[in-house]
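Feature annotations, reproduced from TrEMBL:
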- Cys345: active site, nucleophile (ACT_SITE)
- 6-204: domain 'CobQ/CobB/MinD/ParA nucleotide binding' (DOMAIN)
- 263-457: domain 'CobB/CobQ-like glutamine amidotransferase' (DOMAIN)
- His452: site 'Increases nucleophilicity of active site Cys' (SITE)
Amino acid sequence: MAKGFVLAATHSGAGKTTITLALLKALKDEGFDVQACKVGPDFIDPQFHEIVTRNPSYQLDSCLMGDEGVKAQFQQLLQHPGASDLSKSKKPEKEKVLVVEGVMGMYDGLGSRKENGSTAWIARLLNLPVILIIDGAGMSTSAAAMVQGYRDYDPSVSLAGVIVNRISGEKHYQLIKKPIERDLGVPCLGWMAKDEKLHLSSRHLGLVPAAEVDAAMETIQRASESARKNLSLQRLLEVAGKLEEQEGKPQAFSTENQPHLRLGIAKDQAFHFYYPANLDWLREQGFQLIPVSPLKDEILPEALDALYIGGGFPEMFGEALEANHSFRNSLLEKAKAGLPIYGECGGFQYLCESLTDFQGKTWQMAGVLPGKARMTERLQRFGYGNIRTDTKNGFFTKEIQASGHEFHRGVVDSEANQVIHVTKMQGPEDPSQPRQWSCGLTRHQTFGAFPHVFFPSNPEYVMEWLKKIKKWQPLMVQKGSEA
């Protein structure tokens, strides 16, 4: 029987990601079939998860997916191995362990209510026990009071254990462990020492993307060795929840009668932010996903029916992207010929005429969309948004409501009409007027915008792009969408 647990933390920066990666590596080395997930919309942590587990790591986000979507996604992972990477994943070898890495502090989410998409809320939805990571530096008995607060704030959340991070050693650990276990009855599962060599480098949007960090595995290996020495994997699995598959299987999709469709996916060091569930959804719609590299490929592959350029860090590779003249020319030629292209965030910026990086250097981009992208020192957008499409631009045939997430320092300057209008999503108790803005551009059969959208929950939004492929027929029609 599969087992699972959620790794939460008292706050951001408590060491949650490092300990998650250490445990994933340790469990993998023990021969378990490890499936990782991430609470929230983050792309970067799941890339590290995938490097360690060799399975795609899926987001669990009730703001983008809805509560039922979170449950359905988790059940699908429980019943089947992940298959969302562009290459096939290995089949399960031994018992499956599902590890869910939380986000921010345990109770932090959208707004201040408990039903806010937080780590604790996801744990409640999935009926998973929580392992709380605390920063033990500079305290001993006081740690018990802190753990008590996290346990008692929402008794419906099962706090099954504690991991103490950043302490000086075994003696310090015992000073923290004894009052927690004696006075609270919460087991302490082990500790991690304060060690700068276990620290993962940072960048302007969080952790450095795994696609750029060859040295990451050395850090993860060191953390895993520390975890195997000072953490009890046996006790961890003892307190983990036993997961039962719900009756019925995930909906199956037949592509037998579907035309042979090839959808290019830009995937290299510059572009690698994709929700695995989005790639699953595209496959279910009958598409064969073809890897494309704007950095290294000489031209766009022949016989593509559509192209999807996701987010990433194109501003870090401006010189190389500009230097690949043949690919940019090929892409522009295909766009003018009517190839349906969709760009998200970094992909949107690449489709513009130029991109100015953080050093003020301007690089020529694909030139498909009528705008100039530039990076700023200030975070421009951060959070969830409700999207409304604009039909005046000709790309969208009707007004569609969708939800998305933005986290970027970039802007696009353009005199063209904006394609979508966004209203910032906020908690129901927030009395302030939500911020609104417009973004996105279109030309030919190409559309680009900053928000990252979860396809299974917003099929109409995505189908407006896919409908540009004349021979494509939608296979999945959800409530509220049209074929």
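Positions of Cβ are set from backbone N, Cα and C atoms, glycine also.
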Could you state the whole-number distance in Å separating the C-alpha atoms of Cys345 (active site, nucleophile) and His452 (site 'Increases nucleophilicity of active site Cys')? 7
Below 8 Å Cβ to Cβ and six or more residues apart, same chain only. Which residues does that give for His452 (site 'Increases nucleophilicity of active site Cys')? Pro41, Phe43, Phe273, Tyr275, Gly310, Gly311, Glu344, Cys345, Gly404, His405, Glu406
Please give me the CB contact count at 10 A for Cys345 (active site, nucleophile), counting all chains in the structure. 27
DSSP three-state call for His452 (site 'Increases nucleophilicity of active site Cys'): helix, strand or coil? strand
